[in-house]
Ligand SMILES: Nc1nc2c(c(=O)[nH]1)N[C@@H](CN(C=O)c1ccc(C(=O)N[C@@H](CCC(=O)O)C(=O)O)cc1)CN2
Ligand SMILES: [Mg+2]
């Protein structure tokens, strides 16, 4: 038996068709969704991700602004730019590509973005909204994963979910969204004892640990859904996930590939959030 491969590439394309319609409705009302991305320095991986976002956003007719700042930019200069974007009526969503250079305090930056434009959902206001069950802006990767699970009709209520990784970008918000969907959620991490035994309890296993191909078949219950958030380069320079794909696909029920799994869905989650913010602007204009 071999797992069903969950194609983020395909589901992202389907999402784009839905987004096109939503954007068309907005444009009939003279509203164009606006996304401002701040990229600092010349990290090659960040440059790829930002280019992917730009390509997808512009194809959909989203008004995309890239603010590419030097690696030496000061915190004060960055905060001034964010405040300008907060005031700009054409900008619905603002995001700063992570990671940022050492002179920049990421927490201050995230909390300077207007919470209602904080399209990544990294500010304390949106984290609080997420965990208290309110509506708000939530991070793109977990949002995209929820859409991917829905597209493959993976049942969540009452299911055992194990999230390996506790980052603010993926692990913690993923746990919260799964909890909101009535899954029973365990968050495991590098200090967890008996990790393989805990992972094997999962009906849905989400892996975001940044360790190339660490998760082998012995971590996976037969038939489980395995979502690989990892993006690592192996010794041969090939892009691999945190899951040993060839090994695990023999035992899992569903599995995401790398690339073409979670990565495209991260951008889908982000674009969905931008369009939602523009729809909220349209609603405000009505009142
Ligand atoms: N401010 C943010 N910074 C970062 C986020 C984020 O959500 N907000 N997430 C990641 C990077 N990321 C989006 O920003 C991202 C990562 C990967 C992809 C993607 O399309 N991956 C492809 C492979 C691309 C490649 O060839 O290397 C795939 O998996 O198929 C898109 C966006 C960290 N920073
Ligand atoms: Mg991927």
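Cβ coordinates come from backbone N, Cα and C, glycine included.
In TrEMBL, annotation is done automatically, which means it is predicted and not curated.
Sequence annotations record features per position, and here TrEMBL assigns domain 'Tetrahydrofolate dehydrogenase/cyclohydrolase catalytic' to 6-120. Summarising the annotation, TrEMBL assigns domain 'Tetrahydrofolate dehydrogenase/cyclohydrolase NAD(P)-binding' to 139-281. Per TrEMBL, NADP(+) binding site is recorded for 165, 166, 167.
Structure with TrEMBL features highlighted.
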{"residue": "165", "record": "NADP(+) binding site", "Cβ within 10 Å": "23"}
{"residue": "166", "record": "NADP(+) binding site", "Cβ within 10 Å": "18"}
{"residue": "167", "record": "NADP(+) binding site", "Cβ within 10 Å": "16"}
